[in-house]
Every structure is written in C-alpha cells, then in structure tokens.
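S.K.: Take this structure, written in structure tokens, and hold onto it; I'll ask about it next.
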Amino acid sequence: MGVGGGGEAAAASAAPAEEAAAAGKDGEEGTRWTMKEKLIAAAVLLWMLVAATIGVFLHWSIRHAALRKEEEGLVSMCEERARMLQDQFAVSVNHVHALAILVATFHYEKHPPALDQDTFAEYTARTSFERPLLSGVAYAQRVEHADREGFERQQGWIIKTMKHEPSPVQDEYAPVVYSQETVSYIEGLDMMSGEEDRENILRSRASGKAVLTRPFRLMSNHLGVVLTFPVYHVDLPPDAKEEERVAATAGYLGGSFDVESLVENLLRQLAGNQELVVNVYDVTNSSDPLVMYGSEVPLGIPSPWHICMLDFGDPFRKHHMVCRYRNKPPLPWSAISTPSGVFVICMLVGYIVFAAWSRYDNVKEDCRKMEELKKQAEAADVAKSQFLATVSHEIRTPMNGVLGMLDMLLDTDLTSTQRDFAQTAQVCGKALISLINEVLDRAKIEAGKLDLESVPFDLRSILDDVIALFSSKSREKGIELAVYVSERVPEILLGDPGRFRQIITNLVGNSIKFTERGHIFVQVHLADHSNLATESEVEPVANGMNGHKDEKTAVATGVSLNTLSGFEAADSRNSWENFKLLLSYEKNEMPYESVSDKVTLVVSVEDTGIGIPLDAQAKVFTPFMQADSSTSRTYGGTGIGLSISQCLVELMGGQINFVSRPQVGSTFTFTAVLQRCDRSAIGDSKPVMLHPLPSSFKGLSALLVDTRPVRATVTKYHLQRLGIACDVVATIDLALGVLSGRNGSSLTSTKQPCMLLIESDSWGFKIDVSLRSRLLEMKQDGHTNLLPKIILLAAAESSKLKAHYAVDSVITKPLKASALAACLFQTLGITQSSNERRDNSGSLHGLLLGKNILVVDDNKVNLRVAAGTLKKFGAKVECVESGKDALALLQVPYKFHLCLMDIQMPEMDGFEATQQIRTMEAKANEQAVACDDSETDGATRAAKWHLPVLAMTADVIQATHEECTKYGMDGYVTKPFEEKQLFQALQKFLDPGMSS
C-alpha cells in the first residue's frame, strides 16, 4: 500500500494543515473584528458628524437670525432715506413748476409782457434759497423756423447751438431767453440742438410733466441732472391730448439739480449715517447703470445690501438707491457659545449610548456568533448541494452516452477479445461514475444522510470488476494483481454492493498508486475461519512501529519469501502458513459457527508498495490528509477515499485497520457484516444482477505449472469458478511426469488435462521447442491420448508473447473469470451457447415487452441510448426533444404507459412539463367525475388518469429527488441507468400483464 493508502493514507504532517486551518479561522475572526471596529469607528464618526451638523445648524440659525435682523434694520433705514430723498426732490420740482407758472402768467398773459431778462434774473436770484439743490434755472422759448428771423431781430442775437455755432435750419428752436445769473452763459443757446436735450423737451411737452436727463458733471464737478418743465400759453386739462399739448407749448423751463449735494445734505440730517454706504443709480439702461451718487465699488462684498426704487416724477427714467453697511456686521457671541454647548452635550449623549450599546453587544456576542455560523453553514450547505448537483449532472450526462453506447455495443456480435475490451471499458466508465460519487458521498457523510441499501449481489463478480478496472495499470507497472475469495463465502449476499465495491476500489486504487514492484493481493474469508480478523484495538498500529522496535527494523529484508510475488509483505500474519490453514478449513468443510443469517467477512488488501511513514500512520483516516505536500503532486488523489471507506465500513457494522512498514508495503483489513441470501429467495421484489459464468467448461481438467503456491492457489480459484479441475506442479519436468504417469505422479482428476497452463517465470530457456517435442513423443508412445493446449500466464501483451514462445495461447494477467473464459473459448474451440450470451434480464424484458414509452430529453445521445436500452427489452419507444413536444403528445386518453422525462431542458424543463401534465389530468378527472355524477346508471365509472412520469436525472443530490416529488413526478432514474436500476424503478408502475 502506498503512502497514506493512495493520497489519503499518507496522512502525515497534519499539524501544519490544522494550524493553517486554525490560522484561517483566526484570520476570519480578525477580519470580522476589523469590520466591527470599522463599523464602530464609522458610527462614532457619523455621530460626531451629526453633532457637528447640529452645531453648525445652530450657528447658522443664530447667525442667520442676526443677519436677518441686520437686514431688516438696513431695509428700514434705506427706505427712510429713499422716501426723504424723493420728498426733497419733489419740493425742488414744485419750485420749478412754480417758476413755469410765473413765466406763463407774466410773459404770455400780460400785454405787453411784464417779464424780461433782468426781472427774471433778479427774481431767481432773490428766491434761490428756496431752491438750494438747483444750481440755476433758465427759460427757453419755443420758436418755429418761420418766426426765427423776426425773433433774432427782436432779441438782437442769433440762435446758436450748444457749441456756440449758428443753429442750423430745423422745424423749431428752443433758444434760452431768460436765465438765472449763475447760468447766464447759456443765453441764446438752442436747447434743441443737443440730441438728448431735444428728446427731453419733446417728452416734457407731450406729457406735461417734468423730465430728467441722465447724470452728468456740473460746473461744480458734482454729478447732476437737468429738469425740464413745459410752459403752455393756456391752462390745459389733465386729460389733454398730446396734440393739444404740443400746440399749446410756449417754451420750456429747465433747472440743473446737484444730486450729490441733495444726498449729502439728506444723510447728514439722519442718525446712523456712518454705518451705511448709499449709492444712487440711473438704471434706465439696466445693463449699464449710471452712478448718480456714491462710489463705483462693486456690490459683491459679503455685507448685506438693499435696493429701494426712487420716483423722481419722470416716467421714462428709472432710478434706485442701494444701501449697505459700511462694515460687515459682527458675529454674535451666542452663535459660538450655543453650538459649542450643544456639541459637547451631543458628545456626552453619544458616549453614554456607545457605552450602553457596547455592553449589550458584548453580552449578545456569543449568540450572534452562533447565529452567524449557523447561517454560514446553511448557506454553504445550499451552495455545496447546488455545486455538487451541477457537477454531477454535467459529468453524468456525457457518461450516460458513453456507457449506453458500450451497453448497446455489447449486445452486438463481438469476438471474445472485443467483448472483453468493451466490458472493460464499461467497467472503467462505471468506476468513473463511482469516483464522482465519492465526492458526493463525503458531503452526505458530513450531513449524516448516507444510507445503505440491502439488495442481493454477487461478491465475486464485484471483485472481478475491480480487478478489471485496475488490470491495465497493473500490467503497465509489471506488478501482480490477484483476488481470492474463500469457497465458504456465500455466492449471493444481501447488502449494499455499490458501497462494498467503493471500499474495495478505494483500497486497491491506493495500492496500485503507490506500488511499483511486487504484488497487490485481495483476500475475502469468513471471520470465524480467519486469524486476520481485525480486532477492536490493533497493537501494531498503536505502538507506531507495527511490531518493530524502530524504523530501521521496519524496512524490507530483501529476502525472497513465499508470497504472491516473492516480495515481503507488511503483515507477518498474512503468511503462506495462515493461507494454507484457511485452505484446509475449506477442504475439511469446517462448520460455520454462527447459526444466524448474518455473515461477517474479513477482507484484506495487501500490497508491497512504499508503505506509510510511521509518523503519519496515526492520521491515515483523516479527510484530505496526505503524507506531505509532494504526495498529491507525485501520486495524485484528494485524500478522502480512506475516510469515506472507514465511514462505509462502520455503517456495515465492521472496522478497518492497517499494518504498514516503510519500503515494505501496507495491508488494509476490514470486516463487514452482511446477510446470507439463497438463490431461491431472489424474486422480482429483490432484483439482482448476477453476471453468471459460462458452464461450457464443466468437467474439463487442467495442469498448472507455478513455483509459487499462493499464486497457484489464485489461478486454481479462477479455474474452479469455471468448473475446471486443476492440478498444480512446481516445474515443467514434473508436469511432463504427471502427464506421462512416471515417477509415481498422478492426477487428482480422472480425466486427462486438456490444457497446460505455465506461469511465465517457470518457463526457462529452450523449453518451448523441447516441451512440444516431448509432448508429441508422449502421444506417439501412448502415454497420453490428448495433446494438451499450452497456455502461458503472463503480465505482458499476449500477442507478443505468443509470437515469441511456441504456445497455443497467452492469458494476460491479472486473472478474472470472464477474461479467462473468453480466452479458453477461443483456445479450446468451444462455442458459447446463445443462452449464456444473454444477460440475466428476462424479468425486465417481460416488464417492458409491448409497452409504449415516451422519452423526453434535449440530448440526442441520451435519447438514442435510452431508446436503444428500452427497445432491447421489447418496449415501443417514441422520443421527443422538449417539454412542449411532450405535452403535444400527452393528451388524454393516453397512448403511452410511461414517460421518462429529463429535468434540465431549454424553453420548458421537466418540472414545468410535469406540472402541466398533472394540471391537465386533474381537469380531465374532474370532467369525468362530473359526467359520472350526471349518469343515472353508475355501474361504469371513468378511469382516473395518471401517467407515471419518471425523471431522468444526472443529479444524485437528495434535494433533486425531493424536487421531483414536489412537482408531481412518480420517481427518478439516475443517469447513466443500468438494467437493475431500471427494473427497480419501473416495476412499481408497469404490470407485466398489462396490454399494450
């Protein structure tokens, strides 16, 4: 046996793995606590942010309230100043209006006029105190072009423009005729020569109201505006039309206002003037406001400001006042102290809450961890089940096609060699499926859901299958692989054949993997007849040296011993002497001590591999454990085979132990409690696949030449299974003596041997020619009537050896009954009967004969395999590739006896299709019941429609089986399905006597 028994028996150095696992858990715990600390830090930071936000909000609220109060004060002061400015300006306008009335009264209503320049100048000078904001007033008379010449002759000067140039010809003129002494320099100037002045004059006479110019610099270098007021010949009503006003216009009275002085005088009169900055703007053109008072500093400073609209009486021009504080309002102390106090209080509250929460969290930490672990375990279990179901389905689907095609191939006419090849391929495919199941089994074991079935099975056939599975590898390595089953072991046993096969496959697979020379020997005996029965405590394993004092004495001796291959075995109790003792029990027909139906088997798997290191033997059965990291790289393996085998053995009521010596080998021994089962007790309720051996060789005899008694006993065992009597001799000379009857040699069988089987290592130089010559001489001398067929037993390729040696045939080892029979049929020229060629499937044939079966699968290979298998047993099969196509065919009344439905299909899966079938059946049954109730004669009742629907699934997970039942399926057949399994699934739903 190899290191760890195939990857898992070499279970040394487990401590680092456990430490790594513990480190992984600590890492997870550390990560969890890191996350917790991060969450706590985040919560603290969040609470601080909330407290800071509250503080900032309070600060903003208090500051905003103070600012709002400041703004309200600003608005009040600004509105007051704007109102007073408008009032002062209105007073000035009224004075100008009074002068206009004066001019109209004394210049136009008196004949001759009672007003001249001197009088006007004196009056305006003496009344200037009433107009402190007016730097000067003047009167311009309206002169039409037709009257210009007479007007200029009368005045004694010509009308000039603002540039003191003669005024050009135009429709009318407005020369200044009266002016205050302060502005006497404008006398004779045409006020309509300027574009803006002309527009103002025309607007004033059309509206009858005072109009203003845009701001300009006065002689005093102050900003000011010119106020223009129309003077009419006669009094006009307020609703006079524009034409009437133009026709009645006699002239225009204008005055220049000093706006800066007006505002300055106003601000000096008010308290708090030092706190405000006031600007007055002409905003007639809003995109380009003109400054009338104040600096042109932009208003984008952080101080609050307010705008008040000003009404100076001119409907065309717009003005407003902008007020702002000279300095930014100071921050109130409450805006700092109140938020700071609230922040401190929030921090204290947060600390109290955090301390209480931490205490509560510590108290509940254990419960939280357990709940978290429970959820993780449940989630992992669900994820694992889904993963295993998917992997199982994806691998089993193509394997179904492979095994199905091989099964159909075996039903064709094949030669013996071809049949053996196909059967071996089939066995290998089934072994692959079993390896897939190994992973699933581990999951079931961990979940405690692994149950053993109890069905009849042929133990020897199972062992032959295991030998066939590893035969190629053993020949490749040149090692002896053999199996021996005691004659006292019942032919048919009741138990779980699949799990028994799994244990043997794991152990033999491990031995094959770690054995490079020598042999692998599988023995099965009854516990009452074997001194190899495993005890409850195995001393060699317990002392760590397997009966040796130290590791030096545990190594191989290098002496050729009487074993299967001549190499030393690990367990000294498994010797030729003990083996002879067991054989003597069989020959003497020693009675079986137990009278119950239970049979306790002792199975040992012996190899001469590299063995298991002594320091690793204590952890051989630990899952996923190997001797070291190089074991899996060199030999492969997952390390779970032995742990699964141990669990299966314990489920079978037995124990498993081992003896291993480094560089010598390993011997694994286990017990299993099964039940006896007679052939007469096997019925349809307990189907069994026996794989019966051919009976064509019964009565024949053979002579075996082999120097090793253990190996000779194994060969004799296989021949006896075919009904061939066998005698064993050590050398060819002894064999010739036996055949000739010389030297007192005689045969145990009365019949002359028809075959001479010779082990390849007993075949010496120059024997092939001399042996055949001596056999011919013996026949001619009458010593033998029948020339026996010479058959060589070898582990090499048979075709090469047959050409090299002068023999009739070569049987390639390892030996198994079916391969031995196939070779003997060909060598001896015996024809196999047709009954023996057929498998034992009569019961299934009777069950399916004439039945109409619908197969639904989206995989064409699966359809072909399923249809071929069912047709082989007489069924009439119809195939469709989707659930929708199946529903189209499955209409009440049904023409099918059964439906095999795949689960995973596109568009409509098997679950949905089955649900719709059951819904359709429920409606049909309801209608049938309603019709029956309406019938007066209830002698006949409508049948209750229910089509058996079996799932064809590649999933072997319990959850999938439960889902099948949930959606209304009657059962399932696991892909790839075998005849036995198919029979067990169908016998509940198909009556062999049912009419087609």
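Cβ coordinates are placed from backbone N, Cα and C, and glycine is handled just like the others.
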S.K.: Looking at 1-29, 291-319, 407-435, 436-464, which one is region 'Disordered' according to TrEMBL?
M.R.: 1-29
S.K.: Who are the chain neighbours of the transmembrane segment (331-357) in space, where the CB to CB distance is under 8 Å and they lie at least 6 residues beyond its ends?
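M.R.: Those are 40, 43-44, 47-48, 50-52, 54-56, 58-59, 62-63, 66, in sequence order.
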S.K.: Measure from the Cβ of Asp902 (4-aspartylphosphate) and count the other Cβ atoms within 10 Å, all protein chains considered.
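M.R.: That number is 26.
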S.K.: To what whole number does the mean pLDDT across the domain 'CHASE' (111-295) round?
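M.R.: When the pLDDT values over the domain 'CHASE' (111-295) are averaged, the result is 85.
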